[in-house]
Every structure is written in structure tokens, then in C-alpha cells.
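A.B. asks: Input: one structure, supplied below.
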Amino acid sequence: MARQKKMGQNVLRAVFFLVLGLLGHSHGGFPNTISIGGLFMRNTVQEHSAFRFAVQLYNTNQNTTEKPFHLNYHVDHLDSSNSFSVTNAFCSQFSRGVYAIFGFYDQMSMNTLTSFCGALHTSFVTPSFPTDADVQFVIQMRPALKGAILSLLGHYKWEKFVYLYDTERGFSILQAIMEAAVQNNWQVTARSVGNIKDVQEFRRIIEEMDRRQEKRYLIDCEVERINTILEQVVILGKHSRGYHYMLANLGFTDILLERVMHGGANITGFQIVNNENPMVQQFIQRWVRLDEREFPEAKNAPLKYTSALTHDAILVIAEAFRYLRRQRVDVSRRGSAGDCLANPAVPWSQGIDIERALKMVQVQGMTGNIQFDTYGRRTNYTIDVYEMKVSGSRKAGYWNEYERFVPFSDQQISNDSASSENRTIVVTTILESPYVMYKKNHEQLEGNERYEGYCVDLAYEIAKHVRIKYKLSIVGDGKYGARDPETKIWNGMVGELVYGRADIAVAPLTITLVREEVIDFSKPFMSLGISIMIKKPQKSKPGVFSFLDPLAYEIWMCIVFASIGVSVVLFLVSRFSPYEWHLEDNNEEPRDPQSPPDPPNEFGIFNSLWFSLGAFMQQGCDISPRSLSGRIVGGVWWFFTLIIISSYTANLAAFLTVERMVSPIESAEDLAKQTEIAYGTLDSGSTKEFFRRSKIAVYEKMWSYMKSAEPSVFTKTTADGVARVRKSKGKFAFLLESTMNEYIEQRKPCDTMKVGGNLDSKGYGVATPKGSALGNAVNLAVLKLNEQGLLDKLKNKWWYDKGECGTGGCGSKDKTSALSLSNVAGVFYILVGGLGLAMMVALIEFCYKSRAESKRMKLTKNTQNFKPAPATNTQNYATYREGYNVYGTESVKI
């Protein structure tokens with residue numbers, strides 16, 4: 001009896017627990033476990049990890065105030081390009097009896113999935129791009145960007161830009177932009193980049209747009225494609241100041257912007273995940289501690305915004321079923337879930353209740369406030385607007401449906417001109433004599449007082465005119481500014497301006513096209529050109545016959561022939577002119593018949609040569625022409641010798657008192673033709689860029705040599721180049737700006753010199769960042785200083801007044817000095833030679849005369865022994881005398 005009573009109590013207890021279990025299983029028909037589906041594509045690895053982790057977080061952090069239910073999931077992977085794979089994946093989920101499906105779609109799979117959901121009343125929660133179509137049972141976690149984009153386009157006043165869009169994301173934004181373009185007269189160039197596989201095609205598009213002078217781009221793509229486009233932007237160097245890129249993507253911090261930010265371009269984007277949100281911070285703290293093997297792309301990869309949307313989707317699903325549980329809605333699925341391919345389709349009866357509950361959810365997630373309209377689209381959300389600066393990304397404002405775009409107060413970046421009086425302007429410069437130098441006692445000084453030089457004075461004058469406070473900052477890498485061909489990053493002073501580390505550059509910075517593209521220049525404050533510096537050659541030793549140098553050897557030969565010609569003409573004129581003949585004087589006493597008669601004409605051939613030589617030497621002669629014709633010859637010869645001797649005397653003083661240096665090269669052509677003397681330029685400067693870009697044959701040949709020379713002919717600094725010139729013993733030439741060349745030529749040890757003319761013509765300018773309001777004020781200040789003549793005064797002060805080589809010192813190739821024996825040695829040689837020749841001729845004359853006199857004495861003795869009869873025929877004697885005069889063999893009296 002007792003046993004039967006005990007058995008009855010056990011049965012009642014079993015029935016009680018059975019009823020209790022049934023009540024527990026169905027709180028108003030609500031199950032303990034909610035099964036949800038997951039559809040993932042290939043490139044959603046991190047999103048899959050976030051999906052599983054979010055479910056795990058919910059199951060381990062349930063609200064104890066309500067009867068808990070667990071979330072369970074079934075995951076399928078689909079190939080969006082295969083419609084059978086998409087259908088099979090969805091039907092697999094539906095056959096498992098899932099209450100809702102989370103998943104991704106693209107342009108190819110969207111219609112298939114949404115059609116199944118609408119036909120079978122199965123809710124599909126997705127973080128994929130939103131659609132404008134009014135589809136049922138699709139809950140879109142991703143907010144629409146159309147309104148935010150149009151607001152920013154109006155805020156930045158874009159009237160001409162390029163729109164690069166992904167066709168997989170739909171055409172809704174394209175349509176909205178084109179409608180706005182018609183209303184606002186915008187010039188929009190739209191290009192679809194969704195189907196581009198070759199990265200070279202992106203490059204060609206950017207190059208084409210750049211030829212059209214396009215500087216503004218709106219890029220509407222997923223993160224991966226945006227990264228690819230920006231990579232080509234960096235390669236082409238289109239990420240410098242003046243370019244503006246607006247990224248129509250909700251994951252601004254997911255995009256790789258490290259390389260782009262160094263270019264100076266303005267980059268604007270949108271961010272749906274607020275990293276300052278405590279929920280986000282708490283999630284990330286747990287996220288980074290996950291096991292990478294169980295949750296791929298969790299620990300070592302930053303959290304994507306699509307992963308945050310995935311987490312929020314689980315919150316929405318959980319909140320919807322909590323609501324259904326509170327409302328005691330029966331959502332239990334009993335029996336078979338049915339066939340998704342049945343014809344006609346058999347929808348799930350509780351699907352409408354679940355869809356309605358999902359759309360009624362309002363919860364705070366990692367992406368902010370989450371609400372939906374009647375079509376399952378996000379509403380009442382806020383999107384942060386970010387801007388990328390050289391210092392990093394910053395939040396510039398926010399956008400919502402009611403206030404539109406709201407910029408933060410500090411986003412109104414100070415116009416340099418408006419705030420310049422209240423802040424200290426950073427003036428970047430470079431240590432380069434005589435532009436900027438340390439003072440001798442600079443260690444005892446502070447601030448700008450430590451420096452001196454041309455640019456130091458120029459910066460002071462500009463600041464005085466513009467009325468700004470400034471501090472000088474020496475560029476860290478010691479370079480003027482060039483863009484790296486691989487990274488496209490600017491270095492030197494140009495980089496300081498491009499990346500916002502300086503406000504003005506006052507330095508010997510050459511105005512070039514590539515620099516003008518990224519920074520602004522004032523009018524040139526100094527004109528110059530590329531010049532050649534060589535080591536000053538040794539002074540040439542004067543030759544023995546250097547006194548002949550004032551006249552070319554051709555002139556000396558002409559003078560010799562002219563003298564001979566004049567002598568011959570004078571001889572002939574004297575022969576034919578009757579006024580050059582002497583008349584016989586009958587009153588004279590008869591001479592010795594043995595002595596030769598006096599010649600009646602003094603200008604024989606030897607006397608004519610003597611006359612021309614005496615006139616040329618400006619010493620005169622004891623005979624002169626008597627006839628008019630002879631005097632004409634003498635007059636023109638005297639005039640000729642006057643001009644020649646005067647010119648010779650004028651040049652002789654310069655040639656004998658000036659020491660000349662023979663330069664091995666005189667021009668760039670000389671450098672290009674030879675191989676003994678190496679030549680190079682400053683590395684990373686405008687001079688090197690000039691040769692690299694030049695199309696002139698001579699300069700192309702020089703560039704080909706310089707870039708292949710071993711060891712390298714490029715120097716890091718100008719001082720290194722000058723030192724190399726001085727140590728090379730004339731075997732290295734340095735190509736640099738003419739102003740620097742002239743300055744170094746005036747500095748000790750005065751052993752360099754500038755040769756040839758300038759290879760080009762350019763100027764130094766004061767540089768400011770692109771678009772800086774300081775640019776106009778600085779430009780006006782430079783023009784005013786030029787008109788006042790202050791720029792010339794500064795150059796004279798630092799180039800010549802402080803020169804160390806004297807007036808004209810090292811800057812002159814010729815140096816006047818006292819004559820040395822070597823200058824006039826040839827004259828002494830000729831004197832000694834002439835004296836020796838005279839003594840030799842005198843000896844010959846003496847010997848000849850002695851021999852002739854001996855013969856005459858013998859003849860006289862013979863004559864005395866034989867006395868012939870006196871001459872009776874005087875007529876014959878006269879005839880003899882006349883013939884002697886005409887054909888006489890002697891022209892000089894003895």
C-alpha cells in the first residue's frame with residue numbers, strides 16, 4: 001500500500017515536470033533555441049569570425065531577468081557567380097528550419113536571394129550594400145550613403161569632379177549624382193570600375209583624367225578596390241597637394257592611407273563605427289585576444305566595418321526574438337520545414353511576425369543607433385565624416401538625416417592670413433652659404449639670432465612686410481626637395497611644405513614645374529642658371545717670344561710681306577720718276593778716274609728696304625723720297641705703321657702685365673666631348689632634374705654619363721661637391737647654380753672658378769603650401785623688396801662686400817702683376833742675336849773689303865807701271881757714265 005502511494009507520487013511529480021517542461025519550451029509557443037542561418041562568400045573570412053563570436057558573446061552574456069534562449073547557427077558558403085550554388089545554399093538553410101538568415105549578397109546573387117526570401121517569408125539580415133528596391137523580408141544593416149555624399153559635395157562646392165563607381169553596388173548613387181549635376185550645373189565624369197581586373201586599367205583612367213586637369217575624385221567602391229585605386233594614385237604621384245579624394249565607403253579607417261597621406265592630398269571619407277564607443281572598445285579588447293586558429297583574421301587584422309555590422313546584425317536578431325518572446329508570439333516550427341522549390345511556394349506562416357519584429361528593433365550597436373523603416377532600411381543613423389591630413393585622420397564632422405552635414409567648429413582650419421598674426425609661422429630653410437649660416441657664437445644665442453645670411457635677412461624683411469611672427473627651422477634631411485620615384489614621397493623643404501610641417505620656405509629653392517604642381521612660388525627674388533665650376537688651373541708660363549702675342553702670327557706674316565712689297569714699289573717708283581735722279585754738277589773738281597761715280601738715284605733695292613724698315617720701327621732714315629709718287633708710297637706706309645704699332649703697343653701692355661690661366665674646358669660641349677674630367681651635380685635637386693628631363697642632345701649625353709658613372713658623380717651637399725672639385729686636381733667639374741658658384745669663387749682658398757656661360761635660366765622663389773593665403777602676401781613683399789632695390793643690396797652684401805679674395809680676386813681669370821724677366825726674355829734674345837749678327841757681318845765686310853783693297857792696290861801699281869795715252873774720245877766716256885747710271889751695280893757711295 002505504501003509502495004503504491006509512493007509510485008502515485010512519482011507519477012504526479014513526472015507529470016508536473018512534463019507540464020513545466022512544456023511551459024518552459026514554449027513561453028507562448030517560444031522555443032529555447034533559435035536557429036539562424038549564415039551565408040558567406042569567399043572574401044568574408046573576418047565577417048564569418050565576427051558572426052560566430054557575436055553568437056558566442058550573446059550565449060554567454062544573457063540577460064538573467066528574462067528566460068534565456070540560445071542562438072544556434074548553421075553556415076553555408078556560396079559561390080555568387082553560380083546560381084545553382086546560391087539556390088542550393090538557401091534551400092539548405094530553409095530545410096533546416098532556421099528562423100532567420102544572415103548573409104551577404106552581391107549584384108549577381110541579390111535577386112535570387114531576395115526572391116526566395118519574399119516567396120518563403122524568410123527574413124534575410126545582411127550587411128551588404130543597400131538597395132533602393134522595395135523588397136520585403138530583407139533587413140539592410142548598412143546605411144545608405146547617398147544623402148551624405150550629396151551633402152559633402154555641396155559643402156566642398158565641387159562643381160567638376162570624377163565619379164568612379166562599382167556596378168555591383170547599384171546605380172542609385174550614380175542616378176542621384178547625375179540628377180544633382182543637372183540641377184547645379186556640375187561637370188561630372190562617371191566611370192564604372194566594377195569589372196576592371198587589370199590594375200593597369202586603373203592607371204590609364206587616372207592618367208586620362210589628369211590630362212583633363214581633374215583634381216577631384218569621388219570613389220564609390222568597396223575597401224579592397226579603393227585600396228587598389230589609391231595604390232595607382234600613389235604610383236602616379238597624384239596624391240600631392242591640390243588633389244581631393246572623397247571615398248564613398250563606411251569604413252574610412254579600414255582603408256590603407258599611410259602612403260597616400262604623405263603626398264599632401266586631401267582625403268575625405270565616412271565612418272560608421274565610432275571607435276570611441278565603449279561597446280566598440282570592449283568588443284575590440286576581446287576580439288584581439290581570440291585564437292587566430294578558431295577565429296581567422298581576428299587577432300592580427302583590424303576590425304572591418306562589415307564585421308561590426310555583422311556583430312550588430314546578431315544584436316538585432318536577438319533583440320527581435322526577445323520582443324517576440326515578450327509578446328508571447330508563437331514562432332515554433334513543428335514538423336517539416338518544407339521544400340523551398342515547391343510550386344507553388346509554401347511560405348512560412350510565422351515569417352511575417354519575425355519580419356515585423358526585426359523592423360521594430362531599436363538598439364544601440366557598434367554602428368550607432370539601429371532602426372529600420374517599413375522596407376527594412378536603416379534610418380535615424382549618424383555617420384562620422386573623416387578627413388586625412390599629414391598628421392593622420394581626424395573627425396571633421398558628422399551627418400544625419402535631419403541636420404545633414406554638421407562640421408565641427410575646429411574644422412574651419414585657420415586661414416593662414418587670418419591667424420598668422422596670432423601664431424608663429426614656421427619658415428623652413430637649409431644650411432647653405434651664404435644663404436643661411438651659423439654665426440660664430442651661435443651656441444650662445446637662441447632662436448633666429450643663431451643664423452645669418454642672405455635668406456636670413458630676406459626672411460626678416462618679408463616678415464616685416466607681411467607682419468608675421470616666424471621662427472627659422474633647418475630642414476632635417478638637408479635636401480631641397482625631390483619626389484621619390486617609387487614611393488612618390490617628397491623630401492627636403494618641399495616635403496616640409498607639402499606635409500604641413502612648415503608654412504614658408506625661404507631658401508635657394510629653384511622654381512620648377514614639378515615643384516609648382518605641389519607648392520606655390522613667389523616671383524623670383526634671384527635669377528640664375530646652371531654653371532660649371534672647376535679647380536682654378538695653374539698660371540701659364542709666358543713663352544720666349546710672348547712679345548709677339550699681341551698680334552696674331554698671320555698679322556706678323558702680312559706685315560713682313562707688306563714691308564717687302566712697299567720696298568719693291570718704292571724702288572720701282574724711284575726708277576721711273578725723273579724727280580728721284582741727281583743732276584751732274586760740271587763745276588765740281590774731277591775725281592779719280594779709278595773711283596766709282598756717285599749714283600744719281602738713292603733708292604736702290606737695299607735703300608728701299610732700309611727705308612721701309614726704319615719707318616716701321618719709327619726711327620726714320622737718312623734718305624727720303626723726293627718725287628710725289630715716292631712720297632705717296634712713304635705716306636701710306638707711315639700711316640700703316642702708325643696704326644699697326646699703336647695697336648700693338650696697346651695690346652702689348654695687357655699681354656705682358658696680365659697673367660693668364662688656360663682652362664681645360666670652356667663650355668658644356670667641352671665637358672660632353674671629353675672623358676678625362678668627370679662631372680656631376682647635387683643629388684636630389686633641380687640641377688639633376690634639369691639634366692634628367694632635358695631633350696637637348698648635349699645635355700642628354702651628359703646625363704647618360706652622370707647616371708652611369710662609377711664612382712657616383714652625385715654629391716649629397718654642395719659643400720661635398722666643392723670639396724671634390726678642390727681635391728680632384730682638375731679632374732672633376734661640378735655643375736651648380738651660378739649664384740653659388742660665384743660666391744664660392746670669392747671664398748678662400750680662392751682655388752675654384754666659373755667657366756663658360758649659364759646652361760639655362762631660372763630663378764629662386766619663396767615657397768608656400770598649395771593654396772596658402774600667405775602666398776599672395778609673400779609674393780607682394782618680394783615684389784616690393786625688388787622695387788626698393790633691397791634684393792640687390794643683399795646680394796652685394798653677402799657675395800662681394802664680404803668676399804675674401806679681393807676686388808675681382810678669385811672672380812677674375814686674369815691678374816695684373818709686375819713684369820718678370822720671362823715676359824721680355826725674347827726681346828733680350830733678339831738684342832743679343834742682333835748684336836752677334838752685326839759683329840759677324842762686320843767681320844765679313846772687313847774681310848771682303850780687305851781683299852778688295854788688296855786687289856785694288858795691286859792694280860794701282862800695275863797702272864803706274866803702264867801709262868796709257870790720254871783719252872781722246874770723250875763721247876765714249878760719257879756713254880760709259882750714262883750706262884753706269886742706268887744699270888749701275890752700286891747704289892751706295894763709298
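If you go along the chain as it appears here, the first residue is 1 and each next one adds 1.
Cβ coordinates are placed from backbone N, Cα and C, and glycine is handled just like the others.
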A.B. asks: According to Swiss-Prot, which residue among CYS91, CYS117, CYS621 is joined to CYS340 by a disulfide bond?
C.D. replies: CYS91
A.B. asks: For the record in Swiss-Prot, which of the ranges 145-165, 628-648 is the transmembrane segment one?
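C.D. replies: Transmembrane segment, as annotated by Swiss-Prot, spans 628-648.
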A.B. asks: Is it true that Swiss-Prot lists ARG575 and LYS849 on the same side of the membrane?
C.D. replies: yes
A.B. asks: Out of GLU461, GLU554, GLU737, GLU742, which one does Swiss-Prot list together with PRO508, THR510, ARG515, SER686, THR687 for L-glutamate?
C.D. replies: GLU737
A.B. asks: Between CYS805, CYS847, work out which one Swiss-Prot annotates as bonded to CYS750 by a disulfide.
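C.D. replies: Candidates were CYS805, CYS847; Swiss-Prot matches CYS750 with CYS805.
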A.B. asks: What residues in the same chain, six or more past the boundaries of the topological domain 'Cytoplasmic' (622-627), come closer than 8 Å to it by Cβ-Cβ distance?
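C.D. replies: Same-chain contacts beyond the flanks: 570, 573-574, 577-580, 602-603, 607, 611, 633-634.
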A.B. asks: Which residues of the same chain, at least 6 past either end of the transmembrane segment (628-648), have a Cβ under 8 Å from a Cβ in it?
C.D. replies: 550-551, 555, 559, 562, 566, 569-570, 573-574, 577, 579-580, 603, 611-612, 615-616, 618
A.B. asks: Rounded to the nearest Å, what's the C-alpha distance separating CYS847 (S-palmitoyl cysteine) and CYS621 (S-palmitoyl cysteine)? Just drop the number here, would you?
C.D. replies: 27
A.B. asks: Of CYS340, CYS621, CYS750, CYS847, the recorded positions given in the record, which has the fewest other CB atoms within 10 A of its CB?
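C.D. replies: Candidates: the recorded positions CYS340, CYS621, CYS750, CYS847. Fewest Cβ atoms within 10 Å: CYS847.
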A.B. asks: Rank aside, I only need the closest one: which of the binding-site residues THR510, ARG515, THR687 has its C-alpha nearest to that of CYS91 (disulfide bond)?
C.D. replies: ARG515
A.B. asks: Measure the Cβ-based neighbour count of ARG515 (L-glutamate binding site), defined as the other Cβ atoms within 10 Å of its Cβ.
C.D. replies: 26
A.B. asks: So what's the average pLDDT for the topological domain 'Cytoplasmic' (622-627)?
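C.D. replies: Result for the topological domain 'Cytoplasmic' (622-627): average pLDDT 75.
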A.B. asks: Determine, using Cα-Cα distances only, which of these recorded positions is closest to THR687 (L-glutamate binding site): CYS340, CYS621, CYS750, CYS805.
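C.D. replies: Checked the recorded positions CYS340, CYS621, CYS750, CYS805; minimum Cα distance to THR687 (L-glutamate binding site) goes to CYS750.
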A.B. asks: I need the CA-to-CA distance for ARG515 (L-glutamate binding site) versus CYS750 (disulfide bond), whole Å please.
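C.D. replies: Computed Cα spacing between ARG515 (L-glutamate binding site) and CYS750 (disulfide bond) is 34 Å.
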A.B. asks: About how far apart, in whole Å, are the alpha carbons (Cα) of SER686 (L-glutamate binding site) and CYS621 (S-palmitoyl cysteine)?
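C.D. replies: CYS621 (S-palmitoyl cysteine) has its Cα 69 Å from the Cα of SER686 (L-glutamate binding site).
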